[in-house]
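*Asks:* Got these off Swiss-Prot a minute ago, pasting:
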BINDING   22, 79, 119, 453  (6S)-5-formyl-5,6,7,8-tetrahydrofolate binding site
DOMAIN    215-376  domain 'TrmE-type G'
BINDING   225-230, 244-250, 269-272, 334-337  GTP binding site
BINDING   225, 244, 246, 249  K(+) binding site
BINDING   229, 250  Mg(2+) binding site
């Protein structure tokens, strides 16, 4: 990281009541002397004139000075809070840039300074952007929890446990007790199992946090003419898909992005699944399976007039058996207006079964509540945190190494290989908070931030 002093507008561009210019770095004091004529008392609000190089007043407002390292960035920080007209703010930034050694900040560079100066870790820095971009109350609360260190705390605890176990294994290898076989005495195995269990819990929370941040991808799938497109239209609240009585009308993937009480939901309507010799329809079915395999949830659409079954294994075993092992499935028995079924939800062998009429809209509101619940809308979010895809990937890598380490211990009693898998898990977990992170990744993360953050 450079030692340049940087400046940027901290408030959103455009017209507003208040506009804030932020300066961070060693030259912040020089800016204060040039623009204000004095250095404000540290951490006190100072109402004063903001002047150009000839002494003319550009604006009037509040100046705040924070002496490093006791600032957000860890550097000397000066904030000039004036009126929110864009012309005035541009004039003020131009004046600041006249001071030698000042340059415009890159996107996210203030947060990057804070990260480099150990004022916050990478998950907390990312949480700043997530809090700004939050599209729901749940997302905002979870982002704030991450900003306050809840996610970091969980990861640090895992890193410490993995590190301690690794050091114990390595020490036992280097200084063996001839009377005790340390690999088979149960102590290491018990510690490893506890770490794996805790990691599994953190993965589940991170998965929920990722859904709250990025939205849940829901794929509507089933046989032709089951009412999939009608359900897409009912959930979207508009005629997004063409609906006819002709089986196979939908041949390509249709997407709708909606919000349920602020919770982002990505709905995918797919071609009806069946054996066909039609080349175009075959392509649509192949695309349907691609969407299913990357879904967070599948709505298995069933024409209720064709079967009384509710267990998906009885309805279409080949379809269920082809689904990814951990993919959640909700069974939708459609056309309840024709079958006369009660519009209710039941649990059948671990599956939620909803009875609706996509055509008339009956039961769709209950289904929406179900989808909101899956996204965490009704959950108690105390202690919950926001998570990104890269966090999930790092947790998955760590889990994979721990499972490999478990195999080395249980099957081969290979202490050296167990220690190596623990080391790799430690690195994967440390990438989440930025303890071990490449410069390329840091650049990618911070470049997605706002200029003044």
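Any Cβ shown, glycine's included, is placed from N, Cα and C.
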*Asks:* Taking 10 A as the limit, how many CB atoms besides its own sit near the CB of residue 335 (GTP binding site)?
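*Replies:* Within a 10 Å radius of the Cβ of residue 335 (GTP binding site) lie 21 other Cβ atoms.
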*Asks:* Take the Cβ of residue 225 (GTP binding site) and count every other Cβ within 10 Å, whichever protein chain it belongs to.
*Replies:* 20
*Asks:* List nothing but the one residue from 22, 119, 228 whose Cβ has the fewest other Cβ atoms within 10 Å; the candidates are the binding-site residues.
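*Replies:* Selected from the binding-site residues 22, 119, 228 on minimum Cβ neighbours within 10 Å: 119.
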*Asks:* Please report the Cα separation of residue 228 (GTP binding site) and residue 22 ((6S)-5-formyl-5,6,7,8-tetrahydrofolate binding site) in Å, rounded to an integer.
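*Replies:* Rounded to a whole number, the Cα-Cα distance is 52 Å.
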*Asks:* Taking the Cα atoms as reference points, how far is residue 119 ((6S)-5-formyl-5,6,7,8-tetrahydrofolate binding site) from residue 229 (Mg(2+) binding site) in Å?
*Replies:* 50
*Asks:* What is the pLDDT of the domain 'TrmE-type G' (215-376) when averaged and given as a whole number?
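*Replies:* It averages 87.
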*Asks:* Measuring Cα to Cα, how far is residue 225 (GTP binding site) from residue 22 ((6S)-5-formyl-5,6,7,8-tetrahydrofolate binding site) in Å?
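*Replies:* Cα-Cα, rounded: 59 Å.
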*Asks:* Which ones in the same chain are close to residue 79 ((6S)-5-formyl-5,6,7,8-tetrahydrofolate binding site), with CB under 8 Å and 6+ residues apart in sequence?
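*Replies:* Looking at Cβ-Cβ distances below 8 Å from residue 79 ((6S)-5-formyl-5,6,7,8-tetrahydrofolate binding site), excluding near sequence neighbours, one finds 10, 20, 21, 22, 23, 62, 63, 64, 65, 66.
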*Asks:* What whole-number Å value do you get for the CA-CA distance of residue 335 (GTP binding site) and residue 229 (Mg(2+) binding site)?
*Replies:* 13
*Asks:* Measuring Cα to Cα, how many Å separate residue 271 (GTP binding site) from residue 229 (Mg(2+) binding site)?
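*Replies:* For residue 271 (GTP binding site) versus residue 229 (Mg(2+) binding site), the Cα atoms are 9 Å apart.
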*Asks:* Could you check what DSSP calls residue 22 ((6S)-5-formyl-5,6,7,8-tetrahydrofolate binding site) once collapsed to helix, strand or coil?
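*Replies:* In the DSSP reduction, residue 22 ((6S)-5-formyl-5,6,7,8-tetrahydrofolate binding site) maps to strand.
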*Asks:* Around the C-beta of residue 271 (GTP binding site), how many further C-beta atoms are within 10 angstroms, looking at every protein chain?
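*Replies:* Total other Cβ atoms inside 10 Å, all chains included: 27.
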